[in-house]
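*Asks:* This is the structure, below, for whatever I ask next.
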Amino acid sequence: MKKKLPVSKNEDLILTIEDLTYQGMGVAKVEGYPLFIEGALPQEKIKAHVVKVTKNYGFAKVMEFIEKSPDRVENEDKIYLQTGIAPLQNLSYPAQLKFKRKLVTDLLQKVHLDNLEVADTLGMETPYYYRNKAQVPVREVNGKLEIGFFKRNSHDFVAMEHFLIQDKRIDEILIKVRDILRMSKITAYNEEKHTGMIRHILVRRGYYSHEAMVVLVSRVRKIPNLDQIAFLIQQQCPDVKSVMLNVNPDKTNVILGKKTIKLAGKDTIQDTLNGLKFDISAQSFYQVNPQQTEKLYQLAIENAELTGKETVIDAYCGIGTISLNMAKFAKKVYGVEIVPEAIEDAKHNASLNDLDNLDFEVGEAEVWMEKWQKQGIKPDVIMVDPPRKGLTSSLIQSAVAMEPKKVVYVSCNPATLVRDIQEFMELGYQVTKSIQPVDQFPQTTHVESVTVLERTQFD
Ligand code: SAH
């Protein structure tokens, strides 16, 4: 017999919010049945309307706040919540930092690892305007080319000029570029019809160098007056040292296409991280919060306790930012990364900084870890900084087989981190320091952290 649910669709209820999900939704329970409510915070009492029920959980929306959380920040402008640019904007910053720590402790508790310590989340002094990179969609609204953002989980475009979490200079450059495109009668991309030209504008800006790059992402290669447009961008924004055109002719949500052409200036912009120079090209991955990245890397380096004699592996090395930081204090660093262009940048960046104790390989970290193991390489420290899906068992096994003294795990997803920690523990490694969350993405629900695992001497 079908079990009756404790709530039904379209029912109005009084709820008290108990928790916040990793996506920032409030959770209330009715006889143990969880309801998810957008925009509601823990401790709040609300009048809610049930909008959807499934077998195991449902969704409701706030009709009225009866009691508000002391951590609530009232915002006039709901657009940042609606677009998902800043889903935690209505939570005070100290509460955001606590929330991020709690996501980690809750996950540890679930697998009975509550004995592991988690430090307070390392936050930013000014938790806004931190992004060094913006990629904003371009669409036509009422006959005008606009920059903006899409509403969460939709393709509804909202025109806007201020993006709240991007470097303010980037917002200014975006507006100038928008106006130049308007003046030059350039058309905006139309997603439904797959017509029009400019799909996105990407702007990157060096936090220390103040050099900026503008990438116009276009559906078509041929755009009228391109040279003039590039000239005007540099004339009106002299800090733009590179203007590129990226061609993306496909019907896709992926922002960048394969082909990038230089329109004016340099191919790359340069920035520094912990005093090291990095040339960054349009397509390369580069951490978006430079102030927090420096803290994150310093932590990773301190935890590696390098003396100059060590061999280090940096798996998932991107353009070599961690590798180069480590190479200054180690004997030899091996890096591996799946994107060939990133490895080209990594090699270039090593010589830019006069470092010659690095070897970079293109390929899957899983494959190279096994190769290095078979080659008899004996790393003292293995650094891993994987994407959200975390590590594979085979990578963990090859890493452990090389018997490094330490594994330093930089994670952007606590769920896979906790899963992987368990596997390392089964293979004789222990978490020896507090897990340190570092807030790389204030106002959003992303949680980055550093964990140190050390080999226990039972053999
Ligand atoms: N450590 C770098 C990059 C971290 S992001 C930094 O801090 O800048 C994760 C990187 O892993 C990305 O550059 C991505 O391209 C790469 N990657 C994803 N899957 C991979 C795999 N299976 N093997 C190697 N690299 C991979």
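Cβ atoms here come from the backbone N, Cα and C positions, even for glycine.
All annotation found in TrEMBL is predicted automatically rather than curated by experts.
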*Asks:* Looking at TrEMBL, GLN287, GLU337, ASP385 are annotated for S-adenosyl-L-methionine. Which of TYR316, TYR409 sits in that same site?
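*Replies:* As annotated by TrEMBL, GLN287, GLU337, ASP385 share the S-adenosyl-L-methionine site with TYR316, chosen from TYR316, TYR409.
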*Asks:* Can you list, in sequence order, the residues of the same chain other than GLN287, TYR316, GLU337, ASP385 whose CB lies within 8 Å of the CB centroid of the S-adenosyl-L-methionine site?
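*Replies:* My list of surrounding residues reads PHE285, ASP314, CYS317, GLY318, THR321, ILE322, PRO386, VAL410.
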*Asks:* Please report the Cα separation of GLN287 (S-adenosyl-L-methionine binding site) and CYS412 (active site, nucleophile) in Å, rounded to an integer.
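*Replies:* Per the Cα atoms, GLN287 (S-adenosyl-L-methionine binding site) and CYS412 (active site, nucleophile) stand 12 Å apart.
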*Asks:* Across the whole of the domain 'TRAM' (6-64), what does the mean pLDDT come to? Round it, please.
*Replies:* 95
*Asks:* For TYR316 (S-adenosyl-L-methionine binding site) and CYS412 (active site, nucleophile), what Cα-Cα distance in Å is obtained after rounding to a whole number?
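*Replies:* Answer for this pair: 12 Å between alpha carbons.
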*Asks:* For CYS412 (active site, nucleophile), which residues in the same chain are close in space, meaning a Cβ under 8 Å from its Cβ, but six or more apart along the sequence?
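*Replies:* Those within reach of CYS412 (active site, nucleophile), by Cβ under 8 Å and sequence separation of 6 or more, are PRO387, ARG388, GLN440, HIS446, VAL447, GLU448.
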*Asks:* Can you tell me how the residues of the domain 'TRAM' (6-64) break down into helix, strand and coil by DSSP?
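*Replies:* So the counts come to 0 helix, 33 strand, 26 coil.
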*Asks:* When neighbour density is defined as the number of other C-beta atoms within 10 angstroms of a residue's C-beta, which of the binding-site residues GLU337, ASP385 has the lowest density?
*Replies:* ASP385
